[in-house]
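Colleague: Attaching a single structure in structure tokens format; questions to follow.
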């Protein structure tokens, strides 16, 4: 039951809701507040605050009733609210929804619904404030083009309507202060779409545009173009706010993507300007940046290119609100006969409710009676207050008498005659009684028909006379086979068509062919009157015609047509006498002179128009004694200066005193144009001003000026709302963190910049299963440690097995840098018998001479001599050897260049000194090369082995081998070198001595050179050649640490690498050379001796030199 009752109430409320009008009854004010930083008070610049008066009467309005305020030319409501309540003393009496027109309608509406708080005893009234922006155009849409004509700069009347109730107010709109001749841009937020409509109008070209490119694109990736909502057109004009008022199509090419919209156009006529607009979506519609393309060529001008970038910011929304008072109506019954209204005392400063008392008379009930008579009578039965009185109304009525008569009309008519003095009225009824009718039809000479009725007296016969024009006649002539002519006439009824048929014998025929203007052939037969000759006309399309007009010396015009055969081309030759020429000189606005010849049609007059730039004008104004003004213009020839002489009577003078910004007083006389009033302006220094800017809690800014007395100090107090803050964190090169606050101007956004020191970085290299390398950087939060993870593919592995003196086996893995080759060295043990049988170290050269390839080698040898307190001196010799393998892979010295440097100092250079005070350092260097023939030296070597420790077999001596050189005829001297080498490997010592004699074509010296070489090693393991790794660093040598001391000025014998470093050894071998043993190093060092020395297990030295010497000697003949 309760549910049914509720549904019934809902049904009744819906059924009884209605539309009411006139609620908004006044337009109280329309004021502008600058919601951003606009430079002028235009209708489309937010925010315009409209204050409207409203009134709701509970006796005529009910809950659920609706009313609507239409607001023409309003674009949107500049508020984040979707509705506003009509309230009085905090009570809501209606709710109004905002419906913005935006780009969809030329008007906005406020649709309101009455609340349940309104009762019949309440009348609420008040005001509502609506923040809004008007629509005066901004795009090429039909809505904006229509609204672009809503207002003009200056005084306008703004009118809203609530049903039939119109409310209006006058307001002044300021014109845009942007120069309309330049490029024009505009952006406008569309709140319902959360998009922005952006407009770009090209700069003005008064004579039109030859070509151009225009458009806009996002700058920082925070904007997207909506290519489905674009307008491109040319406008004939702009309104006072620089918006198009029309849009016409023209020829252009459009390119659009989400990043930008661009158009390229050509040939825009004078008086028009191209424009493009589009919807854009921005990350923040209140702050975004656009880059504009702006290229154009004005007709008769040069190509212009002026791109630019604009940053757009939004405006501050306002709030809508309402307030009012409540009026309570009370009713009281009185004994008066009429209703009266009275207002009880009301103090608006103290009372919140105004009470209106309605004084009503005692209610009555009316009873109506009737009687036969003439007058109406009233009688009242009274009653006390609280009851109902009775009013009796006695209404008269009449009786009727009917009279019937006949008449000649065709209908029956009834007429009632009311008797004002009696109760009996008369009803007259007229019944039709027609006469019999006779109709007569006759023809007459007129071209139209008439009908005339002649009415006889009642009871006689009426006559209807119809007069018809004669029938039309159609004459048909046809041929028949007879040789004579016949004529037959067929008469039709009146109004029809009579037919006359003439039958003729056939005519003879003549055929004629002619040309006509159509592109096809027709055949027409023209039948002549009987007895004549019929014509058959064949019309052929004409030949094409070429017309040539030329001028000739005669004074008359001739036209000659040369007819070609059918299907060819006819030629029309027009010869015209030359036209007369009229030359006109005129001035124009440009700074240069042009001559234009306008060719008239033949027989006309050609015009030569010379346009000259206007002469500069010098105007001289002088006063004279007369009371009137005169102006005299003295015109000079073109290119000179015109003079305008103005003579004026003296002006009246007015003196004005004002303040200005300087600290001193001045008197200035401003001379007005003649006939006006001159002004004497006295400027006094103003009071000093102190400006104070402070922030407050409100969302808007205010400026208050406190003016002090003259000579005091004025105060300007600016109160700004607090700025928004954006915090940015970035890294910098310092080791500490800083926080900087950049305060923007009021109304913008402050920036808090946090600078953090860079994080420490830990690099980790690991191997993985892939065949390629990757580098991944893991960024940690500020103050922590970043990680660089390098993943390398696994290195290939080489396994080497060696024997050592320990009793156990071990394996060592030498990991190369990524991209190199890892080495696994297995150290295996040997039995006691194997150790005793292996009493001498056995060195075997596994690399023969012809399998070693040296490409480039550079060596520097330094001799240092120190004598007591006299200091030291040294000589540096650098040698570069370039070898090229032949077809049997035997290295051959192709050129050698030595450079010698001698220096001395009181301090000895760094290095290792022998007992004799001589030191050698070797390093790589690059010198200039020159070709020379190598020599074959004579070599004597002696090798002595001395063993200590477990091996007691004593020294061994090898036989000497002498190799005599085949001396060159140009050899001037020989160099004898004695070498002594000592090697200490664990408990064994190997000493090698030798003497070398060789010729040298490079060093001119008569003194023999002596070289001592000492090498020490601390391990019996194989000495590995140090190589450069792929990364450019040095690879560590094996367990050996050789040290060499050499004395030499020139050394063409020892080419192995020596080092003064006790822990590392350097080598100049190529990185791809195989590992060598000590014996291999010695072999390599003796290459230039053209001999091979091999150490065997017994301590002997096997020297192979004879065949090698002969081979190199033979090869040297071809170098």
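Glycine is no exception: its Cβ is also placed from the backbone N, Cα and C atoms.
Owing to the predicted nature of the structure, the values given are computational and were not obtained by experimental measurement.
What Swiss-Prot lists as compositional bias 'Low complexity' is 894-929, 974-983, 998-1022, 1035-1048, 1057-1077. Feature annotation from Swiss-Prot assigns compositional bias 'Polar residues' to 930-941, 947-965. Summarising the annotation, Swiss-Prot assigns disulfide bond to 73-150, 96-112, 205-298, 227-256. The N-linked glycosylation site feature in Swiss-Prot is assigned to 471, 543, 579, 651, 687, 723, 759, 845, 987, 1050, 1061; the stated evidence is sequence analysis. Annotation comment: Swiss-Prot describes 438-469 as repeat 'ALS 3'. Annotation source Swiss-Prot lists repeat 'ALS 4' at 474-505. Per Swiss-Prot, repeat 'ALS 10' is recorded for 690-721. Look at Swiss-Prot and you will find 798-827 tagged as repeat 'ALS 13'.
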Colleague: Using a Cβ cut-off of under 8 Å, list the residues of the same chain at least 6 residues beyond the repeat 'ALS 10' (690-721) that approach it.
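Modeller: For the repeat 'ALS 10' (690-721), the sequence-distant neighbours (Cβ-Cβ under 8 Å, at least 6 residues beyond its ends) are 33, 316, 746-747.
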Colleague: For residue 543 (N-linked glycosylation site) and residue 112 (disulfide bond), determine the Cα separation and express it in whole Å.
Modeller: 79
Colleague: May I ask which residues of the same chain, at least 6 positions away in sequence, place their Cβ under 8 angstroms from the Cβ of residue 112 (disulfide bond)?
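Modeller: The answer is 23, 66, 67, 68, 69, 86, 94, 95, 96, 97.
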Colleague: Mean pLDDT, the repeat 'ALS 10' (690-721)?
Modeller: 88
Colleague: Return the residues near residue 256 (disulfide bond), defined as same-chain residues 6+ apart in sequence whose C-beta is under 8 angstroms from its C-beta, sorted by sequence, else 'none'.
Modeller: 225, 227, 230, 262, 278
Colleague: Please count the residues of the repeat 'ALS 13' (798-827) that DSSP assigns to helix (H, G, I), strand (E, B) and coil.
Modeller: 0 helix, 18 strand, 12 coil
Colleague: Please list residues from the chain of residue 687 (N-linked glycosylation site) whose Cβ is under 8 angstroms from its Cβ, counting only those at least six apart in sequence.
Modeller: 707, 708, 710, 711, 712, 713, 714
Colleague: In Å, rounded, how far does the Cα of residue 759 (N-linked glycosylation site) sit from the Cα of residue 73 (disulfide bond)?
Modeller: 60
Colleague: For the repeat 'ALS 3' (438-469), how many residues does DSSP put in helix, in strand and in coil?
Modeller: 0 helix, 18 strand, 14 coil
Colleague: Would you mind ranking the disulfide-bonded residues 150, 205, 227, 298 by how many other Cβ atoms sit within 10 Å of each Cβ and giving me the lowest?
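Modeller: Comparing Cβ neighbour counts within 10 Å for the disulfide-bonded residues 150, 205, 227, 298 gives 227.
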Colleague: If you skip the near sequence neighbours and keep only those at least six away, which residues in the chain come within under 8 angstroms of residue 579 (N-linked glycosylation site), Cβ to Cβ?
Modeller: 599, 600, 602, 603, 604, 605, 606
Colleague: Using DSSP, how many residues in the repeat 'ALS 10' (690-721) fall into helix, strand and coil?
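Modeller: Once the DSSP states are binned, the repeat 'ALS 10' (690-721) shows 0 helix, 19 strand, 13 coil.
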Colleague: In the repeat 'ALS 4' (474-505), how many residues does DSSP assign to helix, to strand and to coil?
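Modeller: Summed by class, the stretch gives 0 helix, 19 strand, 13 coil.
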Colleague: Would you kindly give the Cα-Cα distance separating residue 205 (disulfide bond) and residue 150 (disulfide bond), rounded to the nearest Å?
Modeller: 27
Colleague: So among 73, 205, 298, 471, 723, all listed as recorded positions, which is physically nearest to residue 651 (N-linked glycosylation site)? Use the C-alpha atoms.
Modeller: 205
Colleague: What is the separation, in Å, between the Cα atoms of residue 298 (disulfide bond) and residue 73 (disulfide bond)?
Modeller: 35
Colleague: Residue 471 (N-linked glycosylation site) to residue 73 (disulfide bond): how many Å between their Cα atoms?
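Modeller: Counting only the Cα atoms, the answer is 67 Å.
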Colleague: Please give me the CB contact count at 10 A for residue 543 (N-linked glycosylation site), counting all chains in the structure.
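Modeller: 16, counting other Cβ atoms within 10 Å of residue 543 (N-linked glycosylation site).
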